[in-house]
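Asks: Below, the features straight out of TrEMBL:
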- 60-165: domain 'THUMP' (DOMAIN)
- MET183, LEU184, HIS208, PHE209, ARG265, GLY287, GLN296: ATP binding site (BINDING)
Amino acid sequence: MNYSEIMVRYGELSTKGKNKRKFTMQLAQNVKRALADFPAIKIHGDRDRMHILLNGEQSELIFPKLEKVFGIQSFSPSIRVEKEMPAIREMVKEVIRAAYLPGQTFKITSKRSDHHFELDSNELNRELGGAVFEVFPDIKVQMKKPDINIRVEIRQEAAYLSYETIRGAGGLPVGTAGRGMLMLSGGIDSPVAGYLAMKRGVEIEAVHFASPPYTSEQALQKAKDLAGKLVPYVGSIQFVEVPFTEIQEEIKRVVPQGYWMTVTRRLMLRLTDAIREQREGLVIINGESLGQVASQTLQSMAAINEVTTTPIIRPVVTMDKTEIIELAEKIDTFELAIQPFEDCCTIFAPPQPKTKPRLEKAQEYEARLDVSSLMERALAGLKVSEITGESATDRNSDEFLDLL
Ligand code: ATP
Ligand code: MG
């Protein structure tokens, strides 16, 4: 089909009262960014809908990008036709030929915003239903939940036909909730946590702890590649690499084995919080899932969480591993996440971490470290890079041009 525009239905944002304008503006900006490769398109947003005028750009290339923009309930591509009955009838026939499978039901839903048009909406429904019967005489009409609903809209400038409704990503436009620091390891859980936080409007930056030479260049690259998989939802991601070697060596030297993990996590959280403050974030996001490993018991979480009062979102905390994996597959992070590169926590994992660490003990052992100067040095060594795409091979521009 040769579509001329895509009509976008807002998700939850339409219920946000006074903030609605802010939400729709953010959504329009996010759509523009997601479709930056299509320079000819024009976006018009109003209170209830957004219209993306394609101006010759190919809708099939645009759909997959639009499906990753949070804040969209659904969208329908539509065909523009001259506002004359013969032309509209012909297009209805073309649509039904393209859409119909044997045994399916249909209806026509017409709407006029041009009240001077020769037929009213009831007459349009009847007339255009007739056109469908000319093509498929045995097709059945069904008013409630038909298989095919051909929507016809008579506007001032032209008539518009649509019949497909494509489900959007739901959620709220990324950016409307503020900024959050995603603690991104190379595992399965944290990318999913990042995805879910973005779904509720959080714009994320990634914080990754690396302990070279104990952790490899590949492990770092893997974390960056995982961040790359989240880019289509947000446009680009600032990736903050934290040098963590000195701290881990120091912990290993002065803290009893049973508390390595707890103290390590406390330092990670302290550093993430300091980075959040520098970068004007409001929240921290991690991939903790209750009971999954020693550091993720409630006692552990309490002993670790004590270092900050900043809200921490744990989107996967109540999910089973299989549920998390399902989402990881959906956002295409699973295959990458199971590549076996050692993470800083695995390398220093004590044989028997405490599953019920005591807060006073954790504080006591942590006090053996010179926390502030260790943190200062780590913060002085931050490396920030911008992740903008999956990888160089993802967007081969020549190949891309061929498609157009
Ligand atoms: P994941 O699959 O996300 O690695 P996990 O089940 O392996 O999670 P842990 O390794 O215990 O769990 O880590 C719990 C959370 O701590 C992670 O989800 C992540 O948010 C954070 N985290 C762990 N390691 C790192 C790291 N190297 N850099 C940044 N964050 C980390
Ligand atoms: Mg991990």
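Each Cβ is built from the backbone N, Cα and C atoms, and glycine gets one as well.
Caution: TrEMBL annotation is automatic and unverified by curators.
Give me the local environment of each listed feature.
Replies: Mean predicted confidence for the domain 'THUMP' (60-165): the pLDDT average there is 95.
Of all Cβ atoms in the protein chains displayed, 26 besides its own lie within 10 Å of the Cβ of PHE209 (ATP binding site).
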Asks: Cβ atoms within 10 Å, counted per site: which of MET183, LEU184 has the most, among these binding-site residues?
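Replies: Going through MET183, LEU184 one by one, the largest Cβ count within 10 Å is at LEU184.
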Asks: Based on a Cβ-to-ligand 1 distance below 6 Å, what subset of the binding-site residues HIS208, PHE209, ARG265 would you report?
Replies: HIS208, PHE209
Asks: Assuming the binding residues for ATP are exactly those in the record, MET183, LEU184, HIS208, PHE209, ARG265, GLY287, GLN296, what is the maximum CA-CA distance in angstrom, rounded?
Replies: 19
Asks: For GLN296 (ATP binding site), what residues in its own chain, 6 or more apart in sequence, show a Cβ-Cβ distance under 8 Å?
Replies: GLU288, SER289, LEU290
